[in-house]
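Colleague: Positions annotated as Zn(2+) 1 binding site by TrEMBL: Cys8, Cys11, Cys27, His30. The feature ATP binding site is assigned by TrEMBL to Ala58, Val59, Ser60, Asp64, Ile88, Gly165, Asp170. Annotation comment: TrEMBL describes Cys285, Cys288, Cys297, Cys300 as Zn(2+) 2 binding site. The annotation domain '2-thiouridine synthetase TtuA-like N-terminal LIM' is assigned in TrEMBL to 7-32. The feature domain 'tRNA(Ile)-lysidine/2-thiocytidine synthase N-terminal' is assigned by TrEMBL to 54-225.
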Amino acid sequence: MLSPEAKCSFCRREAVARIAYAKLLLCEEHYIEYIRNKVRRTILRYNLANRGDKILLAVSGGKDSLTLLDIMYALSQEMRFSVAVLHIDLGIEGYSEQLKHSVESHTQKLGVPLITLSLRDILGVTLPQLSKRSRRPPCSVCGIVKRYLMNACAIESGATAVATGHTADDVIAYAIKSFILQDYSSLSKLVPKTKALQGAISRIRPLYEVYERETLLYSVLKRLPFHHGMCPYVVRNSLERHVKRFFNQIEELFPSTKISFLRRLAKHAETLTPVETERKSIRTCDVCGLIASDHKCSFCKVTESAVGMPLGREVRDYISSMVKEIWS
Ligand code: SF4
Ligand code: ZN
Ligand code: ZN
């Protein structure tokens, strides 16, 4: 908590935030501007978006993705790229409805095109049913489905990249986990921008250097209608959560540790996997034509085990009919 005597370093109004790594105290207005500038600098530093690009924003309705939407919309006007929103409705009772409402409310307010893909409409089953039928944990199926739909939607709509709301804390947590598991292939993908490959669109992370605490304060100050609830399947005692807590303590003691870690990761991550090994393990799915590490992609495998046939091709056709003229 800041004392009422704490004043903004720029305008001397009452400060609402202390940015320890930048040695700044900021009022509400300068805080919002500071976070937006931070994202703009990340876009320029890592060449995430250029004039004329079509960026599909993956928005779940939580604080991070609504911050992504809010800032990317503002920057799209200034930097002359286009944005559209993709929301995936997982059909999780008591949770998905509220997320959908949050996304609809803010996209409508900004006037950004919205594509909602509902698992119930596409596959005839919800995420919990898909998980049960394929006998896989919900989060594992969720990851496969979301990655597939984001990629398919971006390709079918002619987007130049998909942007996700992963924050600095998310990337650090995944990186440490990958390091502990000695999974260098996953570690190498934790960059601000992944390259487009055959059957896979480029993915960008504009909040790469924004802390989770910062998206929370941004969402509150801007009164974004984000959903506060937690998914019923979230693992409360995960390694990622402990890493986040640990890094927050380190950051308190040594401000800017997170940013230094991420800049080094961005510089070295792609060199961690020998290119030849990587190239050999990438191919396209025989069923749907999107990226796969085997003759069938994970999405076609999951749908085959859950509903009796691989549905990648059908899903691509369905999305294609939905996204026509989304950028006009
Ligand atoms: Fe999906 Fe919920 Fe698991 Fe997150 S916690 S990956 S939303 S099932
Ligand atoms: Zn100020
Ligand atoms: Zn497939």
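Placed from the backbone N, Cα and C atoms, the Cβ positions cover glycine too.
Curation does not apply to TrEMBL; its annotations are automatic.
Tell me about the setting of these features in this model.
Modeller: His30 (Zn(2+) 1 binding site) counts 20 other C-beta atoms within 10 Å of its own C-beta, drawing on all protein chains shown.
Taking a C-beta cut-off of under 8 Å and a sequence gap of six or more, Ala58 (ATP binding site) has these contacts in its own chain: Ser65, Leu86, Ile88, Lys146, Met150, Val162, Ala163, Thr164, Gly165. DSSP gives Ala58 (ATP binding site) a strand state.
If you take the C-beta of Cys285 (Zn(2+) 2 binding site) and look for same-chain residues 6 or more apart in sequence within under 8 angstroms, you find Gly199, Ile291, Ala292, His295, Lys296, Cys297, Cys300, Gly312.
Here the domain '2-thiouridine synthetase TtuA-like N-terminal LIM' (7-32) is broken down by DSSP into helix, strand and coil counts: 8 helix, 8 strand, 10 coil.
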Colleague: Ligand 2: which of the binding-site residues Cys8, Cys11, Cys27, His30, Ser60 have a Cβ closer than 6 angstroms to it?
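Modeller: Only Cys8, Cys11, Cys27, His30 qualify.
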Colleague: For a Cβ distance below 6 Å to any atom of ligand 3, name the binding-site residues from Cys11, Ile88, Cys285, Cys288, Cys297, Cys300 that qualify, or say none.
Modeller: Cys285, Cys288, Cys297, Cys300
Colleague: Using a Cβ cut-off under 8 Å and a sequence separation of 6 or more, which residues in the same chain sit near Cys8 (Zn(2+) 1 binding site)?
Modeller: Glu14, Ala15, Leu25, Leu26, Cys27, His30
Colleague: List every residue in the same chain as Cys288 (Zn(2+) 2 binding site), at least 6 positions away in sequence, whose Cβ is under 8 Å from its Cβ.
Modeller: Ala152, Cys297, Phe299, Cys300, Pro310, Gly312, Arg313, Val315, Arg316
